[in-house]
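Right, one structure below, let's go through it.
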Amino acid sequence: MLRYNKTRAYVNMITFILLLIANGLANYLPLNNRTTGEIAERFPIYFIPAPYVFYIWILIYALLFCFTIFQMLKSQRKNPFINLVSYWFALSSVLNIAWLFFWHYEYFVLSFFTLVALILVLTVIYSNINQPNLRAYFEDKILVKYPFIIYLAWICVAAISNFNIMLYSLNWNRFGMSLEYWTIIMLSLATLISAIVTLIYKDILFSLVFIWAFFGIAYRFLTIPIISRPSWLMSGILAIVIIVTMVKRRRRKSLYY
């Protein structure tokens, strides 16, 4: 088991603060004279939710801020969840900052692979804090597990969107398929990823994030049924996955009582 490291706690805090500053500058300067959202709006891509969906970043950063404070507390020095997050959180902040610069200066290939690297880092954190032998108390769930579950899920959604924009910028013809049918494939892939993670780790929050994104896509393209209807359908499938997961969790708990 990793031991508490005061330097690590400060590094995690400083890199997160730098991430918040970078996000602020990226959209208020803005970097390269475009906000983060304005760049995405330039592309005729359907795997982009309505603008309101991106307010999830407020929730993500609020939760990560709470984690940052939590991991600084003396009372948490022996908390295994804090120690297992380790320097991975700092690395995730650095990668997020790098993505902002690549994205704003339209290096879409680099921005996509930066998100892939970020997913890998967050997956390490997610795996570390979901070890079956660790007992999570209420504060561990709210301040450690939930922030990284939501963060990882949203970055997966963002990576799929970035992937589509990257392919469009490279003039790839999607094997001759239309943008609409390609988007349905992407929605199906996203649903599969979310369902697998939810069923294996019993984390309904992961699928809830994807449902939030799918609702946003359906709402944005309400006048395009070939996009909105599959988005509703995939949301329904994930809702069923969530219900199945909750039933299994309840049955499992009943075995111990």
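Don't overthink the numbers, they just go from 1 along the chain as shown.
Keep in mind that glycine also has a Cβ here, set from the backbone N, Cα and C atoms.
According to TrEMBL, the feature transmembrane segment maps to 9-29 (among others). Beyond the ends of the transmembrane segment (9-29), by six or more residues, the same chain brings 35-36, 57, 61, 64-65, 68, 71-72, 85, 87, 89-90, 93-94, 96-97, 100-101, 104 to within a C-beta distance below 8 angstroms of the stretch.
Taken from TrEMBL, the feature transmembrane segment covers 49-70 (among others).
The annotation transmembrane segment is assigned in TrEMBL to 82-102 (among others). Residues 1-5, 8, 11-12, 14-16, 18-19, 22-23, 26, 31, 36, 67, 70-71, 76, 108, 110-111, 114-115, 117-118, 121-122, 124-125, 128-129, 131, 144, 148, 151 of the same chain lie 6+ residues outside the transmembrane segment (82-102) yet bring a C-beta within less than 8 angstroms of a C-beta in it.
Annotation source TrEMBL lists transmembrane segment at 108-127 (among others).
Same-chain neighbours of the transmembrane segment (148-169): 40, 43-45, 47-48, 56-57, 59-60, 63-64, 67, 85, 92, 103, 106, 108-109, 111-112, 115-116, 118-119, 122-123, 125-126, 129, 182-183, 186, 189-190, 193-194, 197, 203, 205-207, 209-210, 213, counting only residues six or more beyond its ends whose CB sits under 8 Å from a CB of the stretch. For 148-169 (among others), the entry in TrEMBL reads transmembrane segment.
Under the heading transmembrane segment, TrEMBL lists 181-201 (among others). Tertiary neighbourhood of the transmembrane segment (181-201): same-chain residues 45-47, 126, 130, 153, 156-157, 160, 163-164, 174, 207, 209-210, 213-214, 217, 226-227, 230-231, 234, 237-238, 241-242, 244-245, selected by CB-CB distance under 8 Å and a gap of 6+ residues from either end.
As annotated by TrEMBL, transmembrane segment applies to 208-226 (among others).
The feature transmembrane segment is assigned by TrEMBL to 232-247 (among others).
Most Cβ pairs under 8 Å with the transmembrane segment (49-70) belong to 208-226, among the candidate stretches 108-127, 208-226, 232-247. If one looks beyond the transmembrane segment (232-247) by at least 6 residues along the same chain, the residues whose Cβ comes under 8 Å of a Cβ in the stretch are 187-188, 190-191, 194-195, 198-199, 202, 204, 207-208, 210-211, 214-215, 218.
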